[in-house]
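All remarks here apply to the structure that follows.
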Amino acid sequence: MIVPNLGPFVVSGLATGAVYALSAVAIVILFRASGVVNLAQGAIGALSAIIAWQIGNSGGPPWIGWIAGVIAAMAVSLAYGRLLAPRVAHSDPVVRAVATLGLALVLLGVMDFFWGEYGRVLRLPTDSLGVRILDVRVTYTRLIALGLTCLVTVGTIFFLGWTRMGLAMRALANRRDISAMLGVPVLTVDSWAWAMSGLIAGVSGILLANLARMQPLFLTFMVIPVIAAAIAGRVQSLGIAVAGGLAIGVIEAIGTPFPSVAPYRTLTPFVFAIVALVFLQRHGHPLISGGAGLGADDVRSGAPAGSPRHRALVGVAAGVATALVVALAVPEIASSYWLRVLTASAILALGSLATAIIYAQLGMVSLCQFALVGVGGWVALRSWHAIHWPFEMSLLCGGVGAALLGLIFGLPALRMRGLYLALVTLMIAGGFQVVITAIDFPDGGAGFIGKIYNGPRQYMDRPGLATTDAAYFRYCLGALVIGYLFVLWHQRSRAGRAWAMIRRSEACALSASVNIVAYKIWAFALAGFLAGICGGLLAGLIGTLDLTSFPASESVLLFAVTLIGGAYSWLGPILAGLLLRAVPGLLNDWHIDGNIATIVFGAGLLHALITAPGGVAGQILDTVGRIKVFARQVRREKAV
Amino acid sequence: MRRSIKAAVAAVACTLAALAFNDPAEAASAPKCGLNTGKAATGAPISIGGIVGRTGPADFSSSGDAAAAYFKCVNENGGINGRPIEYTLEDDAWKPEQAAQAAAKLVTDKKVVALVGSNSFVECAANQATYEKNEVLVVAGVGIPRDCFFGRNYSSTNAGPRLSNLGAVQYMHGKFGIKSVVCVAPNIPGVGDFSCDGVKAWGASKGVAVNVILIDPAAIDMTSIVLQAMSFKPDLIEASLPRDGVIALLKAAEDQDLGSKVKFAAPTSVYNLEFPKTIGPYWDNKVYAQLELEPFDKQSPDMLNWYAVLDKYASKNVQRDTFNQAGYLAARWIVEVMLTMDPAKIDRTSVTAALRGMKSGLQSDIACGPWYFGPGNRHNPNHAGSVAVTSGEKWVTQQSCFGVDDPDLADVLATEKELGIRK
């Protein structure tokens with residue numbers, strides 16, 4: 001094999017890496033100062049870029065556009081940091097990160113509503129000047145990006161290490177309550193951190209729009225590979241974040257001339273981050289910060305009165321009866337459109353259940369559950385096209401396949417938890433997106449990948465007993481009920497007790513000779529299995545799946561919506577399923593602009609995370625409980 | 001506020017259009033649609049649907065918007081022999097699940113007689129089975145992935161990215177004698193490979209070296225991709241990407257100052273009014289595009305009517321591009337078919353039968369050849385186009401209407417011969 005001349009790719013990669021690095025620096029600064037991994041950073045940068053473009057393109061002086069863009073980015077970041085972030089400041093770091101996804105969705109919706117996803121070019125005067133290095137023309141814009149990255153990094157290191165404000169920021173990030181008690185002006189310091197990160201996000205947004213492409217959606221979700229660079233330094237070290245960003249840029253570029261790896265080269269950030277974290281973990285850096293106590297039991301409702309077994313039986317009977325009524329009634333009254341929407345909701349409820357298990361039972365966060373849904377769908381489709389056996393067999397295959405991968409994806413959980421586990425699993429979800437884009441879902445072709453390249457696509461048949469939409473709705477509802485029973489059975493068995501102990505304290509569990517490794521793995525495998533079934537059912541809905549449906553952001557969204565629904569309650573996953581499919585379905589049915597729907601969804605996400613830590617299900621069940629207590633009081637008063 | 005910004009954008013676009021083409025719309029008189037009676041139709045409505053990707057990674061709605069405008073015009077001009085068309089346009093947001101929901105709504109709940117003007121990356125694959133089961137046909141505006149050209153119930157008025165790419169390469173071969181091509185396409189099965197394979201097969205028969213680079217649509221570093229393309233020492237880089245991807249690729253190529261070292265061509269996706277200005281003066285006379293339909297500056301009756309219909313019945317910010325023309329044609333031709341039918345008997349079964357039974361093609365001066373549905377198991381009636389080049393913030397037509405020689409079209413051509421549509 002002839003090794004191509006890699007020099008130009010290294011130069012090109014360094015220039016791209018500089019932009020990764022600059023964005024990663026902004027992520028690290030904010031995390032160090034306020035403990036938030038800002039998933040909205042890409043969206044804030046995109047806003048800055050699009051405002052700069054708009055002003056430049058309407059005939060205004062370009063420099064006014066750049067300043068206006070950066071000021072807008074700072075303003076949005078500051079407003080969020082001042083008004084909304086403090087309200088979730090006491091939540092878990094993962095919840096704080098997920099809340100910023102709400103902001104990202106709102107911004108994305110606003111940008112798409114006003115500007116749309118059209119190809120645009122954001123020109124900078126420095127584009128026309130350049131130097132030739134190893135046969136590559138490096139524009140001054142790229143040199144500026146590289147220089148700015150170094151400058152910001154060194155400046156920030158000095159700022160955090162040598163100034164009072166920097167000291168206050170570090171104190172705040174470490175122990176928010178204690179810092180406040182010691183007289184650190186929490187809100188002022190927070191505001192500074194958010195404004196600074198907004199400033200950098202604004203500048204890097206303009207640079208990214210110039211160097212990569214000027215599109216809101218693209219820039220918004222660029223944040224996920226950018227986070228990879230930040231993770232390499234545990235979201236702590238600025239130097240490593242910069243080095244990581246540059247390394248990712250170079251490795252990604254070097255893969256270009258090799259056709260066999262080229263389709264997978266965008267995997268680089270994700271693989272890099274996972275390897276870096278595992279390496280750090282092996283070398284004694286603690287990665288448990290902010291994780292202990294997650295999924296605290298106090299969020300759950302207190303132990304119910306009366307015989308638990310009796311109550312559980314009554315609950316199961318009531319659940320099954322309700323499901324029966326729904327299964328019989330809905331197809332009779334719902335239109336074909338709504339039947340489809342509700343079928344998807346039921347399927348997604350299963351996916352949410354899979355996410356809730358890990359969160360509620362183990363107190364851990366996995367942000368790759370939707371990727372596992374994709375894995376389940378892939379395996380189900382592949383096995384069906386290969387063997388043409390009954391649907392149920394494919395469904396089981398999908399479940400088992402996703403369980404196996406879920407188990408592997410869960411391996412990091414043996415050694416880490418909290419935010420780092422969430423970020424590692426997010427990287428896995430990002431990696432899945434790249435792989436599925438390269439291989440797509442099978443549609444009846446030959447070979448392992450099973451793609452047809454010339455001819456009509458083949459579809460997976462629905463189960464023999466559920467070929468119509470109405471029957472398939474009932475089928476999926478049945479699967480959901482079985483999924484619930486399966487989880488309930490686990491909760492009430494030895495596994496459930498072991499999980500509860502692990503959640504409380506791994507040390508306690510260990511001393512009570514609970515096999516922590518086995519039970520953790522079992523939980524991840526179970527969650528994977530349910531996600532896989534969810535994927536198989538989704539594949540059966542249309543008979544095929546599409547690669548665009550499984551971006552990493554969907555996994556974050558699935559977790560967010562599971563939280564909103566209420567991960568600790570039986571009602572939660574059902575609400576989550578409805579939120580994910582029925583609410584957009586309703587907005588769509590009313591012909592409300594899809595971008596407005598995104599804004600509504602993002603705002604709803606923020607609102608729910610701020611106002612309802614126990615989720616909507618918690619609120620509903622609390623209300624029901626209060627009514628019961630009230631009714632009892634009234635009865636007692638009457639008796640008196 | 002939205003309206004004012006969009007109005008501003010539209011104003012800019014209109015000024016541009018005026019600058020670019022001396023505003024042919026101005027020359028056009030009142031739009032002519034259907035029976036052209038000037039009287040509003042009041043009979044029982046005929047339900048027609050359409051599915052486009054409006055929100056999502058890119059706005060692919062202009063085809064459906066054009067169909068909506070034409071139907072509005074028809075309804076004000078006598079409808080289908082007195083019956084107005086009730087057109088429901090759904091957004092699939094580039095999500096197959098949502099596309100399937102939209103199909104359920106249109107096909108089952110709204111009981112549409114046909115789908116017209118659709119334009120989507122995902123709906124062909126998601127809904128093919130639904131359409132076949134319900135015996136409803138799609139007269140699409142724009143088909144993109146392979147599924148759209150291999151479906152029994154789907155026939156679009158555009159040619160598809162595969163033919164558009166090949167048309168561009170064929171032209172460049174004829175004009176500049178290029179010997180080596182790099183085809184850059186998104187790494188999406190059924191789109192990227194489908195788009196470049198036609199060029200590859202044709203290149204093999206003509207002794208032209210064709211290298212294919214499939215890129216991750218989310219790839220950030222277009223510079224590396226441009227460098228890799230240049231490592232094959234090509235005469236031509238064929239950018240088989242959506243418009244935004246081509247723009248990003250050209251920006252990277254401009255940064256590398258490749259404008260004079262290699263030629264660039266692209267499929268019809270780049271052909272809209274803003275594109276030459278967006279990519280900037282550096283690319284003057286350097287970027288060629290194959291147009292799946294006729295160029296905007298053609299002063300022919302139907303072309304002027306397209307402008308007139310849009311000006312009167314569509315919002316100003318609807319894009320004027322090839323896809324928009326394709327939607328207009330889809331609407332115009334389904335109306336033409338339905339006008340020949342007994343208005344009392346227009347339903348799904350009769351419309352499907354009429355389309356499947358077409359013995360001759362329908363013509364327009366916007367398209368290079370006849371369009372038909374016919375009985376075939378796959379449809380690709382449009383396989384010709386023109387070529388234009390960017391020049392001074394506008395497109396200048398280079399060659400009008402020539403056929404594309406895709407070896408894989410043999411079955412389609414055979415069907416046409418059998419039906420007597422073409423000799």
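Here the Cβ of each residue, glycine as well, is placed from N, Cα and C on the backbone.
Look at TrEMBL and you will find A:6-29, A:143-162, A:182-208, A:214-231, A:238-256, A:262-280, A:312-331, A:337-360, A:367-387, A:393-411, A:472-489, A:521-545 (among others) tagged as transmembrane segment.
At the 8 Å Cβ threshold, with sequence separation of at least 6, the transmembrane segment (A:6-29) comes into contact with the transmembrane segment (A:238-256) through 3 or more pairs. Among A:182-208, A:262-280, A:393-411, A:472-489, A:393-411 has the largest number of CB pairs under 8 A with the transmembrane segment (A:521-545). The transmembrane segment (A:337-360) shares more Cβ pairs under 8 Å with A:472-489 than with any other stretch in the list A:143-162, A:214-231, A:312-331, A:367-387, A:472-489. Sequence-distant contacts of the transmembrane segment (A:472-489) (same chain, six or more residues past either end, CB-CB distance under 8 Å): 312, 316, 319-320, 323, 326-327, 330-331, 339, 342-343, 346-347, 349-350, 353, 357, 462-463, 465-466, 526, 530, 533, 537, 540-541, 570. At the 8 Å Cβ threshold, with sequence separation of at least 6, the transmembrane segment (A:143-162) comes into contact with the transmembrane segment (A:238-256) through 3 or more pairs. Contact check: the transmembrane segment (A:214-231) against the transmembrane segment (A:262-280) gives at least three Cβ pairs closer than 8 Å, residues 6 or more apart, which meets the contact criterion. Residues 19, 22-23, 25-27, 29-30, 33-34, 38, 41-42, 44-49, 52, 66, 69-78, 80-82, 85-86, 122, 124, 141, 144-145, 148, 152, 165, 168-169, 171-172, 176, 219, 222 of the same chain lie 6+ residues outside the transmembrane segment (A:182-208) yet bring a C-beta within less than 8 angstroms of a C-beta in it.
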